[in-house]
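Listed in TrEMBL for this protein:
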| type | residues | note |
| --- | --- | --- |
| TRANSMEM | 30-48 | transmembrane segment |
| TRANSMEM | 107-129 | transmembrane segment |
| TRANSMEM | 135-156 | transmembrane segment |
| TRANSMEM | 168-188 | transmembrane segment |
| TRANSMEM | 243-263 | transmembrane segment |
| TRANSMEM | 283-301 | transmembrane segment |
| TRANSMEM | 308-325 | transmembrane segment |
| TRANSMEM | 331-351 | transmembrane segment |
| TRANSMEM | 363-386 | transmembrane segment |
Amino acid sequence: MDAEAARLSPSPEPLTPPPLSRAWLRRFETPYMTVSLVIVAIAAVLAARRPWGIDFWVHATAVERLSRDLLDPGGLQISGVTSESSYYSPYSVVVALLTRVTGASAVSALSLMAPILVALLCFGFYRFVRLFHSGVWFPVFALAVTLTLWGIDMWAWSGFLSVYSLPIGLPLPSVVASALMFLVWTMLARAFDDPRAWRWAGLASLATLIVLVHQLTALNTAIGCVAIAIWKLPKLDSRVIPGLLACVASCVLLAISWPYYSVVSLLGSSAIDGSHGVLYDQMWLYQGLIVLALPALWLRFRRDRRDVFVWMAALGFLVVAAGWFTGHYTYARALPLLMLAAQLALVLEIYRLRDINLQAKIWTYATTAACVLSLALNCGNVLYVLPPSETLAKVQFHLGRNPVPPDYGWLRDFTATNDVIVTDDLYARRIVTAHGLFTVAPGWEDPVVADTTDRAEAEERFFATDSPKQRSDITMTYGVDWVLDVPEGPEYNPASGDSSLVAIGPDGQRLYRLGV
């Protein structure tokens with residue numbers, strides 16, 4: 001009877017797995033994904049408001065030149081010089097192609113890259129930190145500490161992953177290079193565990209892109225790779241060594257094959273050392289809160305002499321110190337690596353020791369308070385996401401913000417592409433080139449411009465004299481078409497018959513046409 005009842009009763013429906021699309025989406029229903037989407041949305045708003053720092057404009061200039069002629073973009077800032085420039089990177093080429101497809105200006109196309117690069121950065125960061133902890137909230141805490149645990153003051157430098165630097169530099173090559181750096185580290189660590197040909201090929205490709213896109217981030221990437229190799233040293237076997245050597249060789253060959261500039265010529269260059277000396281000033285003010293991470297590094301070193309973050313921090317410190325002692329101050333750009341290693345070590349140790357004892361709780365509370373304090377003191381640039389107002393400007397003034405330089409897009413209504421303009425304002429020199437113009441003196445250090453000093457002196461004489469003859473000589477020598485007079489600089493007094501006023505800009509700038 002029981003057997004008959006069992007036969008007649010309806011059989012339970014088999015369990016069916018959820019649809020593939022739903023299962024795939026569930027993997028992304030995490031706190032980190034929510035935070036990442038919020039950050040990408042903020043980046044999209046900032047892309048519309050464009051509060052970009054002055055560095056943005058030299059990269060927009062590169063995109064502008066490449067969008068005009070991919071094969072021979074010409075000089076970056078000065079007419080008639082060689083096309084060789086490290087700013088003609090694969091990233092600039094991609095954005096230039098975007099301008100051709102969409103018809104957008106170089107400034108607009110580069111700005112639109114901001115949310116895309118932020119999404120890539122969040123993805124790369126997530127992939128890397130998941131190597132060390134599987135907790136669902138760990139990537140969120142790691143990202144929060146990385147962005148905020150710096151100092152009671154911050155500075156705006158590309159490649160510094162801080163809440164102050166990132167908002168005004170989201171479309172810059174350093175952001176895409178940093179995202180690729182995290183992916184390279186992740187792939188390298190996994191290649192040691194499971195060496196496969198496609199991993200080494202991917203590593204070589206991504207590493208080459210970093211070298212060509214942002215050489216200073218490439219330095220940090222290389223240091224991190226050395227630290228990972230030390231960490232994974234026990235797994236360095238006969239399967240890993242050939243792949244590693246092939247990866248390095250491929251990266252070198254691909255990098256030196258880039259047609260727009262020679263990577264080798266940049267090695268050991270001291271061209272930008274002078275501008276980086278400031279990074280060694282008052283380091284306690286800008287990175288002082290990282291002292292909270294020193295116990296974490298010590299604890300990790302005691303447990304494992306090959307700890308990856310200990311070695312990252314140690315090697316980064318040695319590079320920064322070498323820059324100080326040798327005068328190659330550009331090596332201070334290893335500071336982001338040093339900070340990152342200490343920050344992630346701190347989060348890992350707090351996560352491991354949380355709620356164990358009173359000391360661990362105090363350490364956690366102190367770190368949280370330091371991050372909140374740093375965020376409160378350095379969120380001025382994040383506030384650019386809000387609609388502009390007098391109240392907001394006052395708040396940003398008290399908190400500190402990076403001033404937004406004026407946009408000279410209005411010049412396009414009067415000038416032609418490749419016209420030469422002379423101005424005595426440094427900001428203007430650095431910005432007008434992004435709108436298709438050339439300048440007499442370069443706004444940025446440029447090793448291909450051998451007569452930079454002569455050009456700067458000629459520009460100074462042009463505004464210092466009222467003599468039509470002297471101005472005419474300078475105009476003829478450098479092929480000047482326009483004069484841009486900025487209110488903050490020395491007043492330009494047009495001589496009789498020398499030039500004519502064509503337009504007045506939104507901030508009182510005056511544009512004169514020469515030879516009219």
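Please read every residue number as a count from 1 along the shown chain.
Using N, Cα and C of the backbone, Cβ positions are placed for all residues, glycine too.
Caution: TrEMBL annotation is automatic and unverified by curators.
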Sequence gap of 6 or more, Cβ distance under 8 Å, 3 or more pairs: do the transmembrane segment (331-351) and the transmembrane segment (135-156) meet that?
yes
Recorded stretch, among 107-129, 135-156, 243-263, 283-301, 363-386, maximising Cβ pairs under 8 Å relative to the transmembrane segment (30-48):
107-129
Answer with yes or no whether the transmembrane segment (363-386) touches the transmembrane segment (308-325) by the criterion of at least three Cβ pairs under 8 A, sequence separation 6 or more.
no
Under 8 Å, at least 3 Cβ pairs, sequence separation 6 or more: does that hold for the transmembrane segment (107-129) versus the transmembrane segment (168-188)?
yes
Would you mind listing the long-range same-chain contacts of the transmembrane segment (168-188), meaning Cβ under 8 Å and 6+ residues beyond its ends?
43, 46-47, 51-53, 55-56, 59, 89, 91-92, 110-115, 117-118, 120-121, 123-125, 127-128, 131, 156, 158-159, 161, 199, 202-203, 206-207, 209-210, 213-214, 216-218, 220-221, 224-225, 228-229, 381, 384, 402, 404
Are there residues at least 6 beyond the ends of the transmembrane segment (283-301) whose Cβ is under 8 Å from a Cβ of it, and what are they?
149-155, 307, 309-310, 313, 335, 339, 341-343, 345-346, 348-350, 363, 366-367, 370, 374
